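Take a look at this one; I'll ask things after.
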Amino acid sequence: MELPPRLFTLLLMLLEWTRPGLPSPLRPICDLRVLKHFIEEARDAQAAMLTCKEGCGLPEPVTVPQTKVDFSIWERKNALEQAQEVQSGLWLLNQAIGSLRASVTNTALQSHIDNSLINIFRIGKVLHSLNIQECNPPAGGVSGGEETWRVSSASELLQVHVNFLRGKLQLLLSNAPICH
């Protein structure tokens, strides 16, 4: 019997949290199929946005992480710097998608946006399982070294979300030291 990807991911997480016996640290989630699941759901949200005709816009431009990766610069960064960049990007995406959620009145799209927000939380749990600690940005936003830009449409925001998952997050997860 094949489980749908969403159910598979949820089962993995629940099994880790409810294991009987002595408390132990989370086992690392190194299977990139989990990331593929998050990317597919982000694409689903993007596709739903493209079909939305009414009640699906951003009230004002939002700040998002830069998704392009200069590999020579990325490879010179240590693991902590890479993790901080990804965590800051996830924080920005959470803020931006939360803003979108507050303005969307289309119920079909709301479901996809809610799922995107839940998945950002789940990605944080995956990073935690890899001993990548959560990095909270300062009260004023992300640190000065983080490259950002602003988008003014919901479709741009969801495209950034997909690209960020496929780019910087995938690079970080595929090179996580605990998985090698």
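In case you wondered, yes, glycine gets a Cβ from its N, Cα and C as well.
Pulled these features from TrEMBL for this protein:
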- 1-23: signal peptide (SIGNAL)
- C30-C179: disulfide bond (DISULFID)
- C52-C56: disulfide bond (DISULFID)
Neighbour count, 10 Å Cβ-Cβ cut-off, for C52 (disulfide bond): what number do you get?
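Around C52 (disulfide bond), other Cβ atoms within 10 Å: 17.
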Look at each of the disulfide-bonded residues, C56, C179, and point out the one with the fewest other Cβ atoms around it within 10 Å.
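Ranked by other Cβ atoms within 10 Å, the disulfide-bonded residues C56, C179 bottom out at C179.
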Write down the Cα-Cα distance for C179 (disulfide bond) and C56 (disulfide bond), rounded and given in Å.
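With the alpha carbons as reference points, the distance is 39 Å.
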For C30 (disulfide bond), list the number of other Cβ atoms lying within 10 Å of its Cβ atom.
15
Can you grab the distance from C52 (disulfide bond) over to C30 (disulfide bond)? Cα atoms, rounded to a whole Å.
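Between the Cα atoms of C52 (disulfide bond) and C30 (disulfide bond), the distance comes to 35 Å.
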